[in-house]
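Enquirer: Submitted below is the structure of interest, expressed as structure tokens.
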Amino acid sequence: MLQEVIAFKNTKCECGHQNPVGTVLCEACGRPLEEEDRESTEVLEMRYDGMARRSQRANPNIIDRIWNFFSSVKIAVYLIILTLIGSMLGTIFPQESTFLNIDPSTYYKDTYGTWGQIYYKLGLTHTYESWWFILLLVMIGASLVICSLDRVLPLYKALSKQKILKHMQFLTRQRVVYQGPIEGTAEDWVKQVSAPIKKKGYRVYIDGNALLAEKYRFSRWGPYVIHIGLIIFLLAVLARGLPGMAMDQHIGFPEGEIKHIPDTSYYLKNEKFTVEFYSEDEMPEEFRNKGKTLPKLFSTQATLYQCTADCDDPTKEPKLKEVAKHNIKVNDPLEYEGLKIYQFDYDMTPTLRAVSPSLVDNKTGKDLGKFKLDIKNPQRIYTVGDYTLELKEKYNDFSIDENGRPVTKTPNPNAPAFLFLIKGPDLPADGMQYFYFPKEIDKVRFQQDAINAKLNGGKPPLELDVNGMGNVDISMSTSYLNIRVDKVMPFIWIGASIVMLGLVLGFYWQHRRIWLRIDNGVLTLGAHTNKNWFGIRREISAILKHMNLDVDEKSLDNGGKHE
Amino acid sequence: MGKSRKKIQIIILLLIVALGGYAIVSQVWGSGGKPTEGSKAPDFELLGLDGKAHNLDEYKGKAIVLNFWGTWCGPCVKEMPALQAQWEKWKDKDVVVVGINAGEDKMAVENFVNNMNISFPVLLDPNKEAIAKYGISPLPTTFFVSKDGKINKIHLGQLDLATLDKQIEELVKS
């Protein structure tokens, strides 16, 4: 083909029409343009109605060459095969993105051995985010756009300005052909035959002794509609990588706490988390009496807030507005403006949030008043009656280091401890030091009384005491929620629907055309469709029967490949 | 088949290159990855112990030693005197040492800083947002950020005075 294009042949047909380079059949009369082709009696190649594709042109320059590369169906097939192979490679071991918390540089080696390490080194652990995979997708997209443009425009032109009288060779070399004598004048016969053809749903165009009948042309656009759908689909997939288009994170929300959702203006409060377990007799046989607990239902009563002001200023408290409330259960997420919050996991370890201890006179046992001590964000100074309590030190996870000094082991309030300097009546002028462990278990474990006795040279005159659980604020559990945003999903659906529409257009209808001409009392009929040849032969046989011509369906078959 | 067709061809090809290039660049060097040596240091907006908000921009034009630490982390505590010494040595030479505390409350950090006599700026990250942006896993981790805002070196684990001095010298030269 390229050689012919370079040879720059005379492409003017004998009917007088000047055809573009690369044309196979004259755009006007349908006569084959190749000398060689004209001598043949084979069935004609009717692809794109014999029109030149846009990319076929004389003297291609660099842009034409790039264009031609992408307009090639062969290249498209290779690209698709490469993408398929790439996708397959990505499924050998789990992708990095499927894990919440791993170090991929060691995980693959430890779990899958040498192959795992090779897999990681090759970068296949993030196949679908790799530059080459995305490049392949982009190239498929380019191929889709350019292939479509290259074919749809010439085809549209060919179909919208069809000449009714076709060259004899064009008719006799169709796959469905009939030739035979007729009675009466040519004009009358053509007029008569148009009635039964119209009845079959064809649009009929007459030009003297020639006729063109056509139906379901729209089915020719099916493949291009599919391409448009695929392009939208691909663009949506690529857009997913853009910031803010998609999010997927897992966050723990302790009960009763308002927590910020990173990268959004939203805050969420876990009002109450509940979990229900299956009782022993509800469990299947194999789980019974094994001490296993199976959750039946877990749900989080959640309130979603949106920040309205002072959101990024850490010196101020953000101003929040309640925007949604929902009881989140498994498969029943909270949804708000594209944000979806799913129940994911839970942790039933209780955490101490605040205590309200009373200051008690050790001699009289008198309650001097109480104050609220927030574990996470305590105040520097508390005032209780005539006394002031200055918070000197705070340890979240109290421990003693190798030098015998108090330290905090972790940032989590597992064993909170506070050192107060208490001043007031009947106390030494520089105050009294008092170590306080809000958790009863730590009080015993770290010997609070012994520490305080040592600090004060004997039993201290005052002490802090929590009177009952009513003065303790505990977060019973932490609910882990999966927060997802997927703004591109609607476009994926739109793309997929357009693809479906294109498939329906192309599959359920066929573009059928019948040409006929009468020369000296002899009828020559040729017909073309893109599939279901049986159907079109049957229609023609029925039409001819109306004209008192008894033609067997099978005898209309002029050979060629059938599909 | 004139000039307009060629123009359309060029426009379509350029559009594909632009869209495709953007997709590849944003996906490969985009939000998902942790910052690495050579990449731009992510910005943050955190509350300092001085009660003011601080971000990376205000240190523009200065070399930054960004140290992520916690009071419970032994090696972090051990390297604090070295950081303090370097801060005193370099603060007049356009080098700033910034400590970002990983998720602890103000009081714990304040007490610690007072006890250790630390005078370089210390910022609080209660929601571990900067920690997440910088992809910190072990503490301490120190980022050496050059004057143009690029990450020059990432050091995992404890720093001693000599290494720190060498790193800062390299940073200032870069």
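Each residue's number is its place along the chain shown, starting with 1.
Here the Cβ of each residue, glycine as well, is placed from N, Cα and C on the backbone.
TrEMBL annotations: computationally assigned, not manually curated.
Below are the features listed in TrEMBL for this protein:
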DOMAIN    A:73-540  domain 'ResB-like'
TRANSMEM  A:75-93  transmembrane segment
TRANSMEM  A:131-153  transmembrane segment
TRANSMEM  A:224-242  transmembrane segment
TRANSMEM  A:488-509  transmembrane segment
Enquirer: Among A:75-93, A:131-153, A:224-242, which stretch has the most Cβ pairs under 8 Å to the transmembrane segment (A:488-509)?
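Expert: That would be A:224-242.
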Enquirer: Who are the chain neighbours of the transmembrane segment (A:224-242) in space, where the CB to CB distance is under 8 Å and they lie at least 6 residues beyond its ends?
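Expert: Non-local partners: 129, 134, 137-138, 140-141, 144-145, 147-148, 151-152, 486, 488, 491-492, 494-503, 505-506.
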Enquirer: Pop the mean pLDDT for the domain 'ResB-like' (A:73-540) in here, whole number is fine.
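Expert: Per the prediction, mean pLDDT sits at 87 for the domain 'ResB-like' (A:73-540).
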